[in-house]
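K.L.:
Residues or ranges marked as FAD binding site by TrEMBL: A32, L61, I97, W389, G396, I397, I398. The NADP(+) binding site annotation in TrEMBL covers Q169, G170, N171, V172, R213, R214, E225, G396.
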Amino acid sequence: MAVSRALRRFWRTYSTVSSERLRFCIVGSGPAGFYTADKILKAHERAEVDIVDRLPTPFGLVRSGVAPDHPDTKIVTNQFSRVVQNGRCSFIGNVSIGISISLAELRELYDVVVLSYGAESDQALGIPGEELAGIYAAREFVWWYNGHPDCRNLAPDLKSSDTAVIIGQGNVALDVARILLRPTSELATTDIASHALAALEESSIRKVYLVGRRGAAQAAFTAKELREVLGIKDLFIEIQQADLSKTPADEEELKSNRIKRRIHELLSKAATSAASVCSPGKKELHFVFFRKPDRFLESDCRSGHVAGLRLERTILKDAGSGRQIAVGTGLFDEMECGLVLKSVGYKSRPVDGLPFDLHKGIVPNVQGRVLSEASGDALVEKGLYVCGWLKRGPTGIIATNLYCAEETVASISEDIQRGLVTSSSGLSKPGRDGLLQLLDSRNVKIVPFGGWEKIDSEEKRRGSLKNKPREKLTSWQELLEVAAK
């Protein structure tokens, strides 16, 4: 394990003092990270927990992923704040694993390292034209309107076309459709980023198409999200009646899934109650089933920019175990658009020294214990664990991470009881003191929780001037400057 000379020198000095404390480092301050910290603190009264994040702001996707018009979902941050205010817990922001410090160095500093940094990349469709301007991952668009500092300059073109296509039919797809279609007067009182609100106020987008490979019986969104988008004021909804027809296989699928039945009922009701013709000036939402993207089409008048896409019609084929998959028919349709948002899945990224299953997009693990290889007779990596999307893939809701954290912490507790976590030398590890000294030697300007509280206070102050819950700081420079005041 390659570790810096300075770290080794500090570790030797520090380790001469014995201690019974166990030092934990959690990488990633989203729900998985905070739930893990909370469970560790409750299970181990001698634990010291440091939550490290590359951003100067905590809370992960609760801050940068949850839609601005869903404030109730964000209330969970109050619970997370109480966790980090525990005297045995700290938040250390603006620390990037692999840049500020290596995973190998963290493992040398702490008895236990839990990786819960989620998924900050995207699945690719892998079809021609995907590199054209005007095509974005839905994650980028979400980060843009939520004020994430990495995407504040995304500047999607919302003026050159009246049509947007969203590929995918999950909750994220409905979120971005709702933001594009909802009256900006309603968004103006949320914590949406000011640059996004200004762009949406001048947007020419009037038609949004939600494209899915399978049918209405297989749609991946939840009833709550669907009801919300269907309830947008003065919105024309189009769903083809033929797409709502159910095969015997669909009936079987729906019989065993109450949520899917409810979704199908809502779509059917929307289709029958919708007006047959869209009135002038109304915005439109079109549900397009049984289509998969084949290629993106380049504009004739705007070189390098998307002007549409070609969709292949699909049918469903039995894949066994009651599951149906979409297969192409060789029949194609073309659709014009000036904006495409791909909502086909998030993807985690590995860091140096971390075993990673590139096919599944997760860290190979057994109940949160990291394995040295993705397959075969793998050995458990001592003191290294994983939680959240990095552990199971990008699935579930915020609360799913609670159960995920419980499992990982149960594995940690079992390993502690069996004596598999403590240092083989019997000497204490430096933990937080060693981390802070190493980062200081590298001139890394950390943001403690007190720095986040300054950001939080300033955002709320600015928001109060605009009748908003907060006005987010969206640049790295401004975030770091306010945190350092």
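From the backbone N, Cα and C atoms, a Cβ is placed for every residue, glycine too.
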K.L.:
What count of other C-beta atoms do you get within 10 angstroms of the C-beta of R214 (NADP(+) binding site), across all chains shown?
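P.N.:
There are 20 such Cβ atoms around R214 (NADP(+) binding site).
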K.L.:
Among the binding-site residues L61, I397, which residue has the fewest other Cβ atoms within 10 Å of its own Cβ?
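P.N.:
With the binding-site residues L61, I397, fewest surrounding Cβ atoms within 10 Å: I397.
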K.L.:
Just going by other Cβ atoms within 10 Å, which of the binding-site residues G170, G396 has the emptiest spot?
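P.N.:
Relative to the other binding-site residues in G170, G396, G396 has the fewest Cβ atoms within 10 Å.
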K.L.:
If I take the alpha carbons of A32 (FAD binding site) and E225 (NADP(+) binding site), what is the distance between them in whole Å?
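P.N.:
Computed Cα spacing between A32 (FAD binding site) and E225 (NADP(+) binding site) is 23 Å.
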K.L.:
For A32, I97, V172, I398, listed as binding-site residues, tell me which one has the smallest number of other Cβ atoms within 10 Å.
P.N.:
I398
K.L.:
Between I97 (FAD binding site) and G170 (NADP(+) binding site), what C-alpha distance do you get in Å?
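P.N.:
Rounded to a whole number, the Cα-Cα distance is 31 Å.
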K.L.:
List the residues of the same chain that sit at least 6 positions away from Q169 (NADP(+) binding site) in sequence and have their Cβ under 8 Å from its Cβ, in sequence order, or write 'none'.
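P.N.:
Same-chain residues close to Q169 (NADP(+) binding site) (Cβ under 8 Å, separated by 6 or more) are L210, V211, G212, A219, A220, F221, F287.
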K.L.:
Mind giving me a neighbour count for N171 (NADP(+) binding site)? Other Cβ atoms within 10 Å of its Cβ, every protein chain shown.
P.N.:
16
K.L.:
Can you tell me which of the binding-site residues G170, R213, R214 is spatially closest to G396 (FAD binding site)? Compare CA atoms only.
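P.N.:
So, spelling it out, the nearest of the binding-site residues is G170.
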